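Participant: Have a look at this one.
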Amino acid sequence: MKRTHTCGELTLQNVDQKVILQGWVKKIRKLGAMVFIDLKDRYGITQLVIEQENINLINNLKNEYVIEISGIVVKRKSVNKELITGEIEVIVKDLLVINKSELTPFVLENDVNVNEDTRLTYRYLDLRRQVMQNNLIIRAKINHIIRNYLTDLNFLEVETPYFAKSTPEGARHFLVPSRLNKNKFYALPQSPQLFKQLLMISGIDRYYQIVRCFRDEDLRIDRQPEFTQLDLEMSFATSEDVMQISESLIKKILKEVKNFEIKEPLLRLSYKDAIDLYGSDKPDLRYELKIHTLNDIFKNSDIKMFLDSQNKYIRAVCIDQLLTKKQLEELNQQAKQFHFNSIAFIKVENNAWSGSLASQLTEVQKKQLIEEFNIQNKATIILNIGKYEEISQLMGAIRISLAKMFNLETKDDFKLLWVVDFPLFEFSEQENRYVAAHHPFTSPKEESLADFDTNKKDALACAYDLVMNGFEIGGGSQRITNSEIQQRMFDAVELNQKQVEANFGWFMNAYKYGAPYHAGIAWGLDRISMILTDSNSIRDVIAFPKNSLGIDMMSNAPDLVSDKQLDELNIKTVE
């Protein structure tokens with residue numbers, strides 16, 4: 001029979017109605033002569049009542065059995081305010097077991113004490129948990145808001161190919177061998193970058209898609225080998241146009257999903273200032289903890305670690321807490337991960353100074369430190385010395401650790417900003433050359449146009465990242481549409497004419513036929529969903545993710561394939 005209602009639908013308005021419900025048995029409780037059953041589906045939970053005369057209906061019934069019941073809705077004597085259906089219950093008149101269930105390998109509750117690989121192995125069970133279903137519901141809502149908003153602004157949703165050409169820039173590609181074209185490979189795209197720019201040349205002036213992308217890179221909590229982007233591009237538009245639409249869209253999402261208001265325009269911070277103040281190009285602004293440079297305070301110091309300070313920076317973070325020995329040791333271990341031996345620290349409480357450097361401080365330095373950090377009653381200063389980039393990274397990481405130690409990362413608070421004025425190039429130690437910091441189609445800023453290819457160290461990109469709560473959730477740029485500038489860019493990243501023609505000739509040919517200026521952005525929808533659901537990992541907002549080693553624990557992919565399949569592809573494996 002067809003269900004008349006879901007398990008999250010019945011209210012007092014349905015009292016005395018005969019209903020049919022279908023779902024999974026969540027819990028069975030005996031109370032005197034009666035038995036109570038919690039029946040669940042993705043919409044909620046309804047309490048069922050089995051009276052004494054119908055007790056035979058539940059012989060051998062167990063948790064996670066799939067059942068169908070028919071019964072009468074009645075008002076509950078004791079209301080359960082945690083449930084939408086908490087004012088009613090259903091007196092069961094008939095019950096059918098649709099399918100039985102074995103004992104599940106872990107309890108299907110929101111708080112579950114089981115390792116993640118077990119959850120991923122039985123992902124279909126893990127997804128029965130309400131918290132996981134809510135994550136997918138919120139993710140679907142975000143997608144729905146995006147589609148409605150962009151469609152109303154005349155954006156056209158266009159699909160681009162998954163089988164593409166491998167190009168030399170960016171992260172590693174996943175390669176797909178072609179059976180029909182021996183010894184040749186497709187690449188799964190890291191983004192639809194070139195295709196969306198071709199759509200601009202095609203006259204599709206406002207494009208978007210919610211698209212799967214692929215990168216063969218090391219994994220972490222906010223990365224997967226396959227991930228989902230909102231990809232967006234606009235013709236006859238500048239960076240400002242893209243940023244304005246992005247701000248309005250993220251404002252709408254936060255309002256409708258979290259009932260959280262943000263003010264436009266968002267804060268803008270240059271890449272240089274982000275590194276200087278927060279040690280990161282994706283700073284979490286839910287807490288202060290700015291990084292300070294203390295070279296002036298210690299310039300004539302006799303402190304041994306600061307004697308050799310030429311071309312080095314003394315940088316510090318201060319928190320109005322007194323760190324314990326255990327907490328300081330945690331920061332020491334973190335410093336070693338950044339190739340520092342340890343951290344130095346200074347504690348002050350009611351003008352009493354202690355710590356690894358306290359005895360070596362002059363009274364003048366103490367006064368300067370109090371003024372520098374605006375210390376009131378107590379504080380701990382964490383500091384070290386090193387090359388600017390390295391010490392800034394360390395202090396940025398320590399800043400985050402301190403926030404976690406003292407619960408400064410406020411839940412349901414969302415701090416957004418734009419990081420702008422990125423370097424156009426970054427130096428690759430591995431390749432011993434400058435490479436494009438984003439991709440070679442990012443336009444230099446106007447002030448860098450004259451010499452970006454000869455002054456690579458200082459060249460700035462017309463690029464922008466959208467940051468929320470310490471995560472980069474979007475990144476975009478103004479694109480190069482001038483063939484002369486594009487050629488200079490290829491030369492700057494040491495791609496010769498033969499390489500350009502082989503890898504990008506098909507793309508560059510399109511620019512011979514009239515290209516509008518255009519700009520765009522890509523949002524990481526997995527990361528946005530992770531933040532808005534307060535999840536610990538993007539794996540918790542993806543239905544069937546890979547684990548931290550890139551393995552699908554259910555199907556054991558990737559896996560070996562047969563020799564016959566390899567022969568068809570003209571591939572041999574090497575042990």
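Every residue, even glycine, has its Cβ placed from backbone N, Cα and C.
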Participant: Among GLN209, GLN224, GLN478, find me the residue Swiss-Prot lists at the same ATP site as ARG215, ASP216, GLU217, GLU472, GLY524, LEU525, ASP526, ARG527.
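Facilitator: That ATP site, as Swiss-Prot gives it, pairs ARG215, ASP216, GLU217, GLU472, GLY524, LEU525, ASP526, ARG527 with GLN224.
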Participant: Quick one: sort out which of 193-196, 393-396, 421-424 is the region 'Aspartate' according to Swiss-Prot.
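Facilitator: My reading of Swiss-Prot: the region 'Aspartate' range is 193-196.
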Participant: Spatially, which candidate from the binding-site residues GLU217, GLU472, LEU525 is nearest to ARG479 (L-aspartate binding site), comparing Cα atoms?
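Facilitator: Considering only the listed binding-site residues, the nearest one is GLU472.
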Participant: In the structure shown, which of the binding-site residues GLU217, GLU472 has the fewest Cβ neighbours within 10 Å?
Facilitator: GLU217
Participant: Far apart in sequence but close in space: which same-chain residues, 6 or more away, have a Cβ under 8 Å from HIS438 (L-aspartate binding site)?
Facilitator: PHE422, ALA461, ALA463, GLY475, SER477
Participant: Can you tell me how spread out the ATP site is, meaning the largest CA to CA distance among ARG215, ASP216, GLU217, GLN224, GLU472, GLY524, LEU525, ASP526, ARG527, in Å?
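Facilitator: Site span for ATP, by Cα atoms: 19 Å.
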Participant: Any idea what the Cα distance is from LEU525 (ATP binding site) over to ARG215 (L-aspartate binding site), rounded to a whole Å?
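Facilitator: Taking the Cα atoms only, LEU525 (ATP binding site) lies 15 Å from ARG215 (L-aspartate binding site).
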